[in-house]
Amino acid sequence: MVLNNYIKKTEMDYLYEQAALWLKWDKTPETRKEIEDLVASKNEEELKKRFCKRIEFGTAGLRGKMCAGFNCMNNLIVQQASQGLALAVEELVQNAHEKGVVIGYDGRYHSKEFAAITAKVFISKGFKTYLFSTLCPTPWTAFAVGYLKTACGVMVTASHNPKADNGYKVYWENGCQIIEPIDANIASKIHSNLEPWDLSNVDISKVIDPLADVSAEYYKQMMLTIPHFECPEQPKVKYVYTAMHGVGSKYVQDAFKTAKLPQPILVPLQNEPDPEFPTVPFPNPEEGKGALKCSIEVAEANGATVIIANDPDADRLSVAVKSGNGWRQFTGNEMSNLIADWTYNKYVASGDKTPAFMVRSTVSSSFISKMGEVEGFDTYETLTGFKWIGNKAKEIVDTQHKKLLMAYEEAIGFVIGNMSYDKDGVRAAVCFAAMALEYAEQGFNLEDRLNMLYEKYGYFASNNKYYFCYDPKLMEKIFNKMRNNGQYYWKFGKYAVKSIRDLTVGIDTAQPDKKPLLPVSASTQMITYTFENGCKATLRGSGTEPKLKYYIELPGKKGVKPEDVIAELMDLSHELLQASLEPEKNGLIPPKAE
């Protein structure tokens, strides 16, 4: 009992020491008062949440709830992150001060404030500093890094997270998201320089506003990069666009105007930036038709047959089409199949002889790999996330001088062409609108075209979902059970496993030396089974959310009915997930059905 009291007292002492340090450093009245009130009321449970752990800087930068404390997003944390980033860039990038930094921000609460703090830190260190004068899509910041040739870029956004969150996303001088070991260097610099610098005399008027220049160049390069389409005077299809309370609307409308496409029908309730996200508590178009409820109502009222939806920072895109009496929302894999087909056919028609390629993440559909085998272009596979996809695409363009047609991840993220290397929902929106218009002229729609592709290359059935898992130790326990002390399980029901890849421990039984071709990370749980019937199933822990995700795909042979492929996939999925995850026993929580 005495020992327990001592441990508790020591932990509480640490919390109050951290709170005192916070109050010493924080200069923002609102967040200071939060901590003062928690200390005064001795709210130890809440103090633990704020101070027992520090928000970690990784390849995704920072993302978390906006409130006071070292484990949250706030002015002090943003300043500390910017200090570490500025010092890392000084050390790692030649002529960093002259190249400078470009900073963008979305429409969330405090985004503009966080961006201004970031700018002040870089100005204080002598960096040329570009700061967008108003809200912009994440793709604008990614593009600006490459166009302006800056040493790095920062985008203040939490993308599609709930309204309480915000984030801090970093691009390196190549215009791609940071990867290892750059993230570790930045994190080290942050931890070594936590005491906030005095920014009281920094003149933020020294920033350069790149908005007009970057926008003009973006639209110019967009027209040179994406496939060209001449719109008829009397188009046969109407489409609805939603910005989902985010920043995309003005930029998408300008992009459509540049491409000479008919303007979309807008969703009034969601068209303007609103940090409250009043109609969608989870402003993520990937969540299903529930997120598109307002768009469907507008489409039905206006006789539109296509819905084009960005997430709030416009880096991702979802598309739904009128199908019978209802609506069909395409998956990210289905959308990528359509983009791959369209960009490849336009590339062939152009007569361009530059060798072409596409890139996909390892959990995305292998459809483009099959298409590449048939049509004769190269495809490349990377780890999950655009930090890997973008860097691989840039590397191939720079070293092999090939033409990037498309890169994608199943989580509705797409890059079309090589004008920038992070997912871009604006030019993807232009491409889908052009596709819908062109196919309507030819007498079919997007859904028809997808079915044509399956007839040509075979039907690819997928089952991509997740369970909530709020206990990291339970997550680790589940994956260790799958490993079975290195003896892995090789059969699930009647389905035999052909090979196993474990990117956590570094095993790939399909390789002669048993070593994976993709990078290994002990901090990330990820196991892939390839079955004798061609099915590929990846189970992994999310790096940014309390989710255990699974991605299961079965490529059907040409001529096999889709319903037969789906039936086999779902049977295999059931056998695998019940045996591997034991969802009921482990208390894993499935997402709510629509």
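Placement of Cβ uses the backbone N, Cα and C atoms for every residue, glycine included.
Automated prediction, rather than curation, is the source of TrEMBL annotations.
Database features, via TrEMBL:
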- 55-193: domain 'Alpha-D-phosphohexomutase alpha/beta/alpha' (DOMAIN)
- 221-323: domain 'Alpha-D-phosphohexomutase alpha/beta/alpha' (DOMAIN)
- 332-457: domain 'Alpha-D-phosphohexomutase alpha/beta/alpha' (DOMAIN)
On the DSSP side of things, how many residues of the domain 'Alpha-D-phosphohexomutase alpha/beta/alpha' (332-457) fall into helix, strand and coil, could you say?
72 helix, 22 strand, 32 coil
Looking only at the domain 'Alpha-D-phosphohexomutase alpha/beta/alpha' (221-323), how are its residues distributed among DSSP helix, strand and coil?
36 helix, 18 strand, 49 coil
Using DSSP, break the domain 'Alpha-D-phosphohexomutase alpha/beta/alpha' (55-193) down into helix, strand and coil residues and give each count.
58 helix, 30 strand, 51 coil
